[in-house]
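Q: Starting off with a structure, shown below.
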Amino acid sequence: MIAYFIPPEKLGTPPMSDSPWELLPTASNHAQSLDGLYILLTAVTGISFVLVIGTMFYFMWKYKMKSEDDKTSPLTHNGKLEFAWSAIPAIFLMVFFVWGELDFVKLSSPPADSIDIHVTGQKWYWTFEYPGRPVAATTEVEDGEIAPLLVVPKGQAVRLTMTSKDVIHSFYIPAFRVKKDVVPGRYTYVWFEATELGDFPVFCTEYCGDEHSSMLAVVRVVEPEDYKAEVAAATTLEQGEGESLEQFGEKVYKAFACNSCHNTDATRKVGPGFGGLYGKSENLADGSSVEADENYIRESIMEPNAKIVAGYTPQMPSFAGQINDEQLNALIAYIKSLK
Amino acid sequence: MSDDKNHEAVEPSYLTAKKGLMSWLITVDHKRIGLMYLAATMFFFLVAGLLAIALRTELFTGQQDFMSAQTYNKVFTLHGAIMVFLFIIPSVPAAMGNFVLPLMLGAKDVAFPKLNLLSFYIYCIAAIMLVMTLLLGSLDTGWTFYTPYSKSTGSAVIMATMGAFVAGFSSILTGLNFVVTVHKMRAPGMTWNRMPLMIWALYATALIQIMATPVLAITLFLLIIERTLNIGIFDPAMGGDPVLYQHFFWFYSHPAVYIMILPGFGIISEIITVHSRKHIFGYRAIAMSSVAIAVISFIVWGHHMFVSGQSELAGVVFSFLTFAVAVPTAIKVFSWVATLYGGSIRYTTPMWYGLVFLWTFTIGGLTGVYLGTLSVDVHLHETYFVVAHFHYVMVGGTVVAFLGGLYHWWPKFFGRMYNETAGKISALLVFIGFNMTFLTQFFLGHQGMPRRYYAYLPEYEVMHQVSTIGSWILALGLFTVLGTLVMALKNGERAPANPWKAVSLEWQTASPPIEHNFHMTPRVTGSPYDFPEIDKSAGAHH
């Protein structure tokens, strides 16, 4: 349940290629065959374009009007030619269809021994959950920002089981050439075997509202022997040595994506801002009012719909069972520190 | 092709026969209704075009520049919705088609003139509803209104979907009118095989409008019912299925792509033949491929959904059927190029647009093959590759054909010639600007740049900047078109009845035509492409 939405310029993944003409890195088992087909398509359509447009240019030059009295050809049709230019493209189209179909079937058939990772899409962040780990995987990116992190071992099949908590999202790793919509109320799957070490960007490619462009993540391919340690490091959210409670609280604030909806000053986002919140008297939708003390903040995180501030709609999910007491204490301390 | 005496008589044109605002507002003359549609669609083209320039300008850098994320999302939604529902769908059939269809058939009007006026006013109501969402200010769903997002966002969604729903009725009525007109009102001697290809294209379009548009209406209606009455149809939170919405939506919207492009094919068939003085190559193949495309377009909707979570088998079947639609489209392009063979090509402005169309539409068609290929589409789906592909078809195809058609028929509409030099400059600017804007987007797409992002990774910035500069050149070209055509009305030379020496019937009456089109019903004795320059004695293939 830990993640963060991240402005694209802060994601910090290295550029996937040096020039726009280049293909992306072939970082998964699916990429190589797909690139082969992509190159074939480009060659065949490129040659077709040159033939069609080249012929057009030739005719444009050759049959330019010379005088008003020009006579023109009585040609109206040619059965053999028309048959040829219907049949030959049809043959190429069938080659593309079959190749694309075979790879598509492979994309849809994860091996039985795949590593399973659970992915949740939500406005506007990804959550990667590893079996037996208490928090979702994240990593620090540029300017101290925190991004969701998918750690996968090189050379082993990984299957992502994906669902959405709100609207349709789509999970896309360009370097792996995989994409699948993430739909509320059902599970969809993506599988791959990473073949190249490194960090690559993950995009949301189904429009999902305000921060769609910032619904990003990092996929990190590591050596199989480092996999366990990397997962453990990415799925730990504890107060570090020499870190103040407020500093840890700020990490918690980002890691649980509180900032998707709450600003650190007093301004409104989806929900109220946190600046100057502590100790303030809040007017509630039912007409009563309450002082924003530790217990009110705690309740608002664990049971968000118990008290709704006037002018807002009840739409915050509960974090009960996801955030532990140490993290909660730190978060409250952080909110108290915001003036 | 017919007796030529029509334009010799002195009778006021349809523009001057009746005077005053009311004579326009309650007119049942297909020509006047066509012009009112033309003014309205051009206005919305301008509005949605300016929105597009705003979007491209925001995308000049990877960070947020002058629009917030919310504003960007509203602007791209309005750009798409206005372009699709208020400009492209009605532009060629309802505006240009209304004007030329009865003239080309040798008829006095469409079959149901009052219904024709009604469909214009229904269009106006739809336009007002869609524009109202601008004022309500919270439509940010994209033109596709995908659930459950469209259920979770602001209330303007209901107004916008109602607008699209109402626009559909206008589209259905126009389609119905055209089908009946083509069946019942062809001039004596005009067999199906002697109809101009523009008519075949409008006829195939009208069939799709009648059959597909009700599905859009039902879908949008279900969406409205779900939102207002809270009945679970598409929303998983209430037991509905969001992917079902996509099936319904694309069942209309894929055929709708052909509502948008088929009439453009018709225009190109006219322009290429008339301005190269050649009989169209493969008349039957072009006519039948229009009908084939209309039929197949109903069974390929699933290719918008390869990664949506629909079954893999469905994906495979839809991919196969999609390749089937590529063949008739390829036949058309080859036939147009072959028509140039042995011609005497006049480089008029409409002809330049026709040739620009062949370039851009060929790219649009060929890149569609990438997207029909299953595994490749998994990578390219919802990236800029798709954005580039559909703009190559919709702008490089339909809009370029529409502009060519405007120049081709402008003398007929208003009896004035435009300035050829200015027209050619506009074609050049449109060609350079368009290709600069959208060719770069194919590269962005294969590099993985997703659609509908207002901010993006730094590695995409250079290509975005080239694209944005291209869009400014394209805008300059389109304003040149506007200037040229408006100047023609003001001080253009008087156009003769038949400036292009065409054979089809709309040119056999005065420019602008008289109110009832023809003094005497024309008789048709041959093909609309039987130009006097054709050397019958050459004895080649016939």
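The backbone N, Cα and C atoms fix where each Cβ goes, and this holds for glycine too.
Sharing the feature lines straight out of TrEMBL:
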type	residues	note
DOMAIN	B:18-525	domain 'Cytochrome oxidase subunit I profile'
TRANSMEM	B:35-55	transmembrane segment
TRANSMEM	B:75-105	transmembrane segment
TRANSMEM	B:117-136	transmembrane segment
TRANSMEM	B:156-180	transmembrane segment
TRANSMEM	B:200-225	transmembrane segment
TRANSMEM	B:245-268	transmembrane segment
TRANSMEM	B:280-301	transmembrane segment
TRANSMEM	B:313-339	transmembrane segment
TRANSMEM	B:351-372	transmembrane segment
TRANSMEM	B:384-407	transmembrane segment
TRANSMEM	B:428-449	transmembrane segment
TRANSMEM	B:469-489	transmembrane segment
Q: Could you check if the transmembrane segment (B:117-136) is in contact with the transmembrane segment (B:280-301), meaning 3+ Cβ pairs under 8 Å among residue pairs at least 6 apart in sequence?
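A: No, since the transmembrane segment (B:117-136) and the transmembrane segment (B:280-301) share fewer than 3 Cβ pairs closer than 8 Å, they do not count as touching.
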Q: So, taking each listed stretch (B:75-105, B:200-225, B:469-489) in turn and counting its Cβ pairs to the transmembrane segment (B:384-407) that are under 8 angstroms, which one gives the highest count?
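A: Most contacts with the transmembrane segment (B:384-407): B:75-105.
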Q: With the transmembrane segment (B:156-180) as the reference, find which of B:75-105, B:200-225, B:313-339, B:469-489 contributes the most Cβ pairs under 8 Å.
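A: The stretch with the most close Cβ contacts to the transmembrane segment (B:156-180) is B:200-225.
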Q: Looking only at the domain 'Cytochrome oxidase subunit I profile' (B:18-525), what is the mean pLDDT?
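A: Residues in the domain 'Cytochrome oxidase subunit I profile' (B:18-525) carry a mean pLDDT of 94 in this prediction.
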